[in-house]
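S.K.: Pasting the feature list from TrEMBL:
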type: DOMAIN; residues: 40-152; note: domain 'PurM-like N-terminal'
type: BINDING; residues: Asp42, Asp87, Asp238; note: Mg(2+) 3 binding site
type: BINDING; residues: Asp42, Ser56, Asp87; note: Mg(2+) 4 binding site
type: BINDING; residues: Thr57, Asp58, Asp135; note: Mg(2+) 1 binding site
type: BINDING; residues: Asp58, Asp87; note: Mg(2+) 2 binding site
type: BINDING; residues: His65, Glu291, Trp343; note: substrate binding site
type: BINDING; residues: Tyr117, Gly134, Asp135, Arg161, Ser240; note: ATP binding site
type: DOMAIN; residues: 165-321; note: domain 'PurM-like C-terminal'
type: BINDING; residues: Asp241; note: Mg(2+) 5 binding site
Amino acid sequence: MLEFDNTERTNLGELGEFGLISYLTKAVEINEPSTLKGIGDDAAVLDFSNKKTLISTDLLLEGIHFDLRYVPLKHLGYKAVQVNLSDIYAMNGTASQITFSIGLSSKFPLEAVEEIYQGALIACKKYNVDLIGGDTSASVQGLVISVTSIGFADEDQIAYRSGAQEGDLLCVSGDLGAAYVGLQLLEREKNIFLENPNIQPDLEGKDYIVERQLKPEARRDIVELLAKIGIKPNAMIDVSDGLASEIIHICEASDKGCKLYEDKIPLDSMTYETAREFGIDPTVCALNGGEDYELLFTIPQADYDKIKGSMDITVIGHITQASEGCQMISKSGKVYPITAQGWNAFKD
Ligand code: ADP
Ligand code: MG
């Protein structure tokens with residue numbers, strides 16, 4: 001049940017590995033000044049001059065990280081790049097290159113692989129990133145994608161997880177929980193379709209949460225905004241596994257505690273309503289859902305005036321001493337410990 005726009009099916013065996021690589025990479029452009037050599041030699045060559053280099057890798061496996069029954073291939077290529085760039089932005093850096101590696105089973109025709117690449121290249125173009133290499137292999141079962149992203153930053157601008165200070169404001173960009181609720185919706189429609197293939201998926205009016213799941217956008221704009229208003233976050237992380245898990249990562253790495261206020265957690269109204277339809281607590285979607293790819297960061301209180309006008313940044317709590325632990329103050333004023341997998345922990 002592979003879904004792709006181009007209905008031709010060219011068997012990968014007809015091209016061979018080198019034919020496939022040159023076919024896939026024919027549309028690749030090199031635009032970044034730091035790329036001295038991209039695809040075509042044994043290694044790419046980069047020059048970051050006096051900047052520090054940032055590198056991050058993700059591995060995406062069919063059946064574990066994505067389900068081809070509802071993920072369009074172009075979106076998959078796009079998302080694979082986005083989730084990786086997000087890690088470079090989470091260091092307060094500029095992403096500049098990626099490598100893109102794929103393992104393909106024989107069920108994949110060339111046209112399907114091409115769609116994955118189209119999606120990946122759209123993301124590269126939009127975020128000013130060069131695709132500088134990769135690897136291509138057969139896979140016995142399932143599609144495998146691995147992306148490595150490379151970027152740079154001035155040493156004194158790098159934001160580590162470990163830099164949070166007592167009294168810092170805990171801030172998050174955008175809104176949370178939408179990608180998780182979008183996934184629940186896609187799963188439900190997939191199951192209905194599997195039971196009765198005549199029923200078309202009903203995603204009417206749910207564009208925002210479905211897009212948040214299928215087509216996330218890494219927050220380069222937030223990194224740029226912070227630079228423009230003169231803020232260097234003391235600590236930063238991207239929200240891939242859910243707010244709770246990321247808060248714990250920052251607090252553990254910084255040897256600090258925190259207070260998170262439930263009523264401050266930014267939720268989109270469609271996320272809220274759809275979570276309720278599914279009988280899930282919307283706060284739990286934000287805390288444990290994941291795949292939001294927003295940025296969670298801490299800033300000194302003195303910087304509050306610089307962010308208070310921004311619609312896209314919400315203060316959700318503050319950093320405390322380690323001995324106070326990581327706590328959430330619920331809407332009704334009760335205090336709960338934040339745990340990485342606290343599905344039922346926040347029921348009043
Ligand atoms: P090697 O045998 O040295 O690994 P390859 O034949 O695998 O070389 O790759 C040749 C060139 O094509 C290299 O520059 C490599 O980075 C690039 N390349 C291979 N696979 C991909 C891919 N899936 N996407 C982009 N570039 C690729
Ligand atoms: Mg190779």
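A Cβ is built for glycine as well, from the same backbone N, Cα and C atoms used for every other residue.
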S.K.: Could you put numbers on the helix, strand and coil content of the domain 'PurM-like N-terminal' (40-152), residue by residue per DSSP?
M.R.: 34 helix, 41 strand, 38 coil
S.K.: Any idea what DSSP makes of Asp238 (Mg(2+) 3 binding site), helix, strand or coil?
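M.R.: Note: Asp238 (Mg(2+) 3 binding site) is in a strand by DSSP.
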S.K.: Taking all residues of the domain 'PurM-like C-terminal' (165-321) together, what is their mean pLDDT?
M.R.: 95
S.K.: Under 6 Å from ligand 1 by C-beta, which of these binding-site residues make it: Asp42, Ser56, Gly134, Asp135? Sequence order, please.
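M.R.: Cβ < 6 Å from ligand 1, in sequence order: Asp42, Gly134, Asp135.
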S.K.: Among the binding-site residues Asp42, Asp58, Asp238, Glu291, which residue has the fewest other Cβ atoms within 10 Å of its own Cβ?
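M.R.: Output over binding-site residues Asp42, Asp58, Asp238, Glu291: least Cβ neighbours within 10 Å is Asp42.
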S.K.: Write down the Cα-Cα distance for Asp135 (Mg(2+) 1 binding site) and Asp238 (Mg(2+) 3 binding site), rounded and given in Å.
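M.R.: Asp135 (Mg(2+) 1 binding site) has its Cα 27 Å from the Cα of Asp238 (Mg(2+) 3 binding site).
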S.K.: How many whole Å apart are the CA atoms of Thr57 (Mg(2+) 1 binding site) and His65 (substrate binding site)?
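M.R.: The separation of the Cα atoms works out to 15 Å.
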S.K.: Listing them in sequence order, which of the binding-site residues Asp42, Ser56, Asp58, His65, Asp135 have their Cα within 10 Å of that of Ser240 (ATP binding site)?
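M.R.: Near Ser240 (ATP binding site), where near means Cα within 10 Å, there are no binding-site residues at all.
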S.K.: Which of the binding-site residues Thr57, Tyr117, Asp135, Arg161, Asp241, Glu291 have a Cβ less than 6 Å from any atom of ligand 2?
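M.R.: Listed by sequence, the hits are Asp135.
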